[in-house]
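Enquirer: Have a look at this one before I ask anything.
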Amino acid sequence: GVPCLCDSDGPSVRGNTLSGILWLAGCPSGWHNCKAHGPTIGWCCKQ
């Protein structure tokens with residue numbers, strides 16, 4: 001999957017670890033949405 005920025009990672013992608021994975025069809029079982037706003041397409045999820 002494509003890494004994405006969770007809310008807990010910090011405000012921007014610069015210098016922060018991207019701990020989430022981008023899922024287009026929603027978070028799979030056992031994962032949760034870790035970004036309150038965005039991304040525009042898909043969901044940023046982490047285990």
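Using N, Cα and C of the backbone, Cβ positions are placed for all residues, glycine too.
Because the structure is a prediction, the values reported are computed rather than measured.
Not my notes, these are from Swiss-Prot:
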type	residues	note
DISULFID	Cys4-Cys44	disulfide bond
DISULFID	Cys6-Cys34	disulfide bond
DISULFID	Cys27-Cys45	disulfide bond
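Tell me about the surroundings of these features in the structure.
Expert: Residue environment of Cys44 (disulfide bond) contains 25 other Cβ atoms, counted within 10 Å of its Cβ in all protein chains.
Secondary structure at Cys6 (disulfide bond), taken from DSSP and collapsed to helix, strand or coil, is coil.
DSSP assigns Cys45 (disulfide bond) to a strand segment in the three-state reduction. Around the Cβ of Cys45 (disulfide bond), the same chain contributes Gly20, Ile21, Leu22, Trp23, Cys27, Pro28, Trp31, His32, Asn33, Cys34, each under 8 angstroms and 6 or more positions distant in sequence.
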